[in-house]
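Now, the feature entries from TrEMBL:
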| type | residues | note |
| --- | --- | --- |
| ACT_SITE | E97 | active site, proton acceptor |
| ACT_SITE | Y109 | active site, proton donor |
| BINDING | N102 | acetyl-CoA binding site |
| DOMAIN | 1-141 | domain 'N-acetyltransferase' |
Amino acid sequence: MGHADIDEIVAIENRVYPFPWTRGNFVDSIAGGYSVWGCRFADQLVGYFVLMMVVDEAHLLNISVAEERQRMGFGAHLLRHAMQVAARAGATSVLLEVRPSNAQALAFYGHFGFQQIGVRRGYYPAEKGSEDALVMRQVLAGGTGYE
């Protein structure tokens, strides 16, 4: 994905999150060389992810599916692809942050073998101040099927 796709990405982002990434966040991610991938269905963008590589570790910065397309397998497809992209780039693990209040996302990541390894205090903006982030990791080496 590239700059031509940013309007579609931002439209989904703004519908899905109460505190969405800005257009600038996506522009900077593309300019910074991060892996930005999308999933299209019937010629329409239904989801995307942003993946940053740091030495042998991948950081899943953002993964989103349009609300009307959630629970149809697109998120699973995107997450599997993100882990494959990470493994091909030499990553041995994928890290991500998730809000503890996002039970649906926690269950989703748990289904794919992500385990909590830490907490980032006050990481996310919230209606009243901030919310912590749970740091989760999936190890890619050792026969997980995502190598």
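The backbone N, Cα and C atoms fix where each Cβ goes, and this holds for glycine too.
Curation plays no part in TrEMBL annotations; they are all automatic predictions.
Neighbour counts of Cβ atoms within 10 Å were compared across the recorded positions E97, N102, Y109; the minimum falls on N102.
Mean pLDDT for the domain 'N-acetyltransferase' (1-141) in the predicted structure: 95.
Look at the domain 'N-acetyltransferase' (1-141): DSSP puts its residues at 50 helix, 56 strand, 35 coil. For the residue listed as 'acetyl-CoA binding site' paired with Y109 (active site, proton donor), the C-alpha to C-alpha distance reads 11 Å.
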